[in-house]
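A.B. asks: Copied straight from TrEMBL:
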- 10-27: transmembrane segment (TRANSMEM)
- 129-146: transmembrane segment (TRANSMEM)
- 153-173: transmembrane segment (TRANSMEM)
- 179-197: transmembrane segment (TRANSMEM)
- 204-225: transmembrane segment (TRANSMEM)
- 256-277: transmembrane segment (TRANSMEM)
- 314-332: transmembrane segment (TRANSMEM)
- 352-374: transmembrane segment (TRANSMEM)
Amino acid sequence: MLKKIHKCDLILLIITFIFTLGVYFFHSQVYSPVAIQNSSSLSYSKAKVLRVIDDQSKKDETTNRYYGVQSLYVEILDGSYKNKKVYIDNYLSTTHNVRLKNGETFIACIDNPESDNTLITAYNYYRTPYIYGFVGLLLIIILMIGKSKGMRTIISLAFTLYAIVGLLLPMIFSGFSPIISTIFIVILTTGYSLFMLNGASIKTWVAVIATSLGVIISGLSFLVLSQLIHISGFNTDQAEALIIISQQTGLKINEVLFSGILISGLGAVMDVGMSIASSLYEVKALNPQITKSQLFKSGINIGKDMIGTMCNTLILAFTGSSMTILLAFFAYQIQYPQLMNSDFIAIEIAQGITGTLGIILTVPIGALLCSLLYHKHLKAS
């Protein structure tokens, strides 16, 4: 078993190396980033408050926020204006509420037009150290609890992120079909992650196939539904920006939503696929005499308990990410016909339905594959 694991790890290492070379080749030979015309003269740099000269802000007891203006003496810490010390006014309003203190680091917005009238304002809080800190804490906890599995989890997660950011996004940006590109990335990352976490075995193969089919079915059902209710990338909030990009890159806006559906549902479907494969493997190992139909029924029964929790997870994730917009709809008492036929609700419902469908169908797909492949494999072994 140890040799198999080592062999599997070696294969994954080779795949990682080849994939990295492939991404490098794609970026150097195929992908040509197009600089979207930007006439803005803005740049952003770290800055530090050396002294609060005057603070005219007052606290609003209702919102617990400060409104008014601060006069600050600040120093730019990086960029072309590094070490420059300037006086700035920091206006605090409902939409821009960055109240700064002595010694606090923040992000400064530097407006440097062709004239010499450079304007420096407080753009936002400097959040990067805290974000990196909590990411580091998360990785430490994963390693402490998961040990070697935790390390494998981190590696598979890093590979998945690299595949999406390093290859999928540039492919879609360059005009490749989001449908074909995303299906390729989904199958690649699913196989890599599951083999990295569980090694080379029949149950891993079953999980990979079941997950891939479940996600693809989810995506195809979204394609059908999106045609029926007339939604595409043109109906998103970022449609105008995507149109500008597509004019220079060939980006297929109408297929972009499909890509998001597959990626967003991959984790939940992968969990269901692996759980079914592992559970039925143990059932077959403990009871070698179990028939194919009995093993299939066992898989369905196991899947029933998982469907409820995983569907809730997916639906609540979509709902939680849209909570502020839903609150706005509720507050303004949007009429039912207007609400149900709006672009936003149509997209969210389509995502929820097709994502849930992928989870549900992964159960019988996984159970069927287990009943067919385990019966032959474990009998032979």
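Here the Cβ of each residue, glycine as well, is placed from N, Cα and C on the backbone.
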A.B. asks: With contact taken as 3 or more Cβ pairs under 8 angstroms (pairs 6 or more apart in sequence), are the transmembrane segment (153-173) and the transmembrane segment (10-27) in contact?
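C.D. replies: The answer is yes, given that the two segments have at least 3 Cβ pairs within the 8 Å cut-off.
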A.B. asks: Mark yes when the transmembrane segment (179-197) and the transmembrane segment (256-277) have three or more Cβ pairs under 8 Å (sequence separation 6 or more) and no when they do not.
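C.D. replies: They do touch: at least three Cβ pairs between the two stretches lie under 8 Å.
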A.B. asks: Please report, as numbers and ranges, the same-chain residues at least 6 past the borders of the transmembrane segment (10-27) whose CB is under 8 Å from any CB of it.
C.D. replies: 159, 162-163, 166-167, 170-171, 188, 192, 195-196, 200
A.B. asks: By Cβ distance under 8 Å, which residues at least 6 away from the ends of the transmembrane segment (179-197) in the same chain are close to it?
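C.D. replies: 8, 11-12, 15, 19, 149, 152-153, 155-157, 159-160, 163-164, 167-168, 171-172, 204, 207-208, 211-212, 215-216, 219, 223, 255, 258-259, 262-263, 266, 270, 274.
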A.B. asks: Quick test of the contact rule: Cβ under 8 Å, at least six residues beyond the ends. What residues does that give for the transmembrane segment (314-332)?
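C.D. replies: Contacts of the transmembrane segment (314-332) (Cβ under 8 Å, skipping residues fewer than 6 from its ends): 264-265, 268, 339, 344, 348, 351-352, 355-356, 359.
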